[in-house]
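For 52-69, 81-100, 134-158, 224-251, 263-284, 296-313, 333-362, 414-433, 440-461, 511-532, 558-589, 601-622 (among others), the entry in TrEMBL reads transmembrane segment.
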């Protein structure tokens, strides 16, 4: 009954799918005219049928890979997308297209498989033997962020070589002929058969290593074969349709919820229901925007984000490790000396950054001749660098406030979904009100960011905002926000390079109008944040102690969260989705001056400004005159520290 129901649903969705497209064809027209040569046959047979079949193959492969990974890791949150396997495969495909296109043309599956395997091995090495479900999932997601940042950098630097990859990189079923289906069908069915042959072994493995060994199974052999099959299926899919997430997470859970437990029927039903989900997501995407191609990967993220939140909440409650106070220690150095050093570094990085024009630095004579006031420098370079410094300060303020009020070392605008939520709000505003004044953009970003953080806090409040669970919820909401941004980019018909730059976070072409806007927010937010210092210190001792000392905990927490969200959202509205500054700056300062907010906040602001100006400078310097967006530089350099922090949290 389960298989028959899924099969009928797949047939229905496939029938709807072949009627969708720019050529308005009804099902009756297709049935009557597809058998004779002509326009209908060309459209249906050449374009639409390959797309449907590719959706069936890709959805089935991702679902079987997800079911295999969930058993291998004993982790209900596992899938090729969440463990970074898709991102690794995509990175290697993009790199091969740039540097060794002939190799990619001849061996696309091998290239994709190598990237997927490297990513999987990296996640396993970082997690170690403990394999805690929530930690595995969060590590995989952060590795995904790292690889995605590197991929984005390559696409921007080598724009001509990677032309046409934006839609594919978001996950798309678009097929211009039968080439993709012919290439992948044999590999996908081979991987599926391999999974079915391992079904009995997976049943024993699921009982535990000791039981499986006592029953004569080679556990190590089963693990390696299972990983190979899962990675192979994911690689075969990514090499044709790009990285599509969440199908491998949702489909196996749906099948298990329907009562299937043994792995042979699990792999059979997962393939079917994975196909149903992916074809259904593509039908929905084409229905929402009939005239344009919305990435199906974005649609699966919107569908799968809430599912991930549900699974993360259910799993996270079993693995909570609450920390009541943020760690930190004081270096035996006078505060005034530390502050003086930070101010000196700030001045130095500002001077160096102002000196560099993309090809050469100012000489001493240029400074004496007041070249900084020349029209080109004053109108382009100066506002860009001032904007970067002020945005870095606001992101750092956001991180300090959120980490303090939630007592969570992983709290950050990116991790908590503020960045993607603010970006989604800003993009929706631009699409709905294209002629509106740009001055309203920060308020749209604040609304989007507020909705994101509200969802996360409401879902996790019963756990008292446990750090790992809060971060995982943030990643789920970020996935939905990023998907909305991708859809809005398509609707707004932005160019690929501007879209990638904005998504990566760029200070390029900032004007004095941007400086005025971000200065206004900084003038309002920073003094209020500093005035909250004493109250934030009391919150660090716990709600009961703070209440006993006369603090209105609810009011303080609400003000701090709203202020932090506003600071983060205002930053996004000006420079795009720059992440990790709000995480890194407070941690660096906390290790120097301790956890007292009166000391932390001023230094965190300086460190945040230094980080973003330095990232902007490095992005302009490395491949001058080409530029790497500052957000990508921060992500590539900051991700290793976040992974280190995960191991300690």
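Glycine residues also receive a Cβ, built from the backbone N, Cα and C atoms like all the rest.
When Cβ distances are compared across the two stretches, the transmembrane segment (263-284) makes no contact with the transmembrane segment (333-362), since fewer than 3 pairs at least 6 residues apart fall below 8 angstroms. By the Cβ criterion (under 8 Å, sequence separation of 6 or more), the transmembrane segment (81-100) is in contact with the transmembrane segment (224-251), since 3+ such pairs are found. Only residues 6 or more beyond the boundaries of the transmembrane segment (511-532), in the same chain, are considered here, and those with a CB under 8 A from a CB of the stretch are 379, 383, 386-387, 390-391, 393-394, 397, 400-401, 438-439, 442, 556, 559-560, 563, 566-567, 570-571, 574, 597-598, 601-602, 605. Sequence-remote contacts of a segment are chain residues at least 6 beyond its ends whose Cβ falls under 8 Å from one of its Cβ atoms, and for the transmembrane segment (333-362) they are 371-372, 377, 381-382, 385, 388-389, 592-593, 599, 602-603, 606-607, 609-610, 613-614, 616-617, 620-621, 624-625, 627.
Residues 54, 57-59, 61-69, 71-72, 77-82, 85-87, 89-90, 93, 108-109, 111-113, 115-117, 120, 168-173, 180, 183-184, 187-188, 191-192, 194-195, 198, 201-202, 205, 270, 273-274, 277-278, 296-297, 300-301, 303-305, 307-308, 311, 479 of the same chain, all 6+ positions outside the transmembrane segment (224-251), place their C-beta atoms under 8 angstroms from a C-beta of that stretch.
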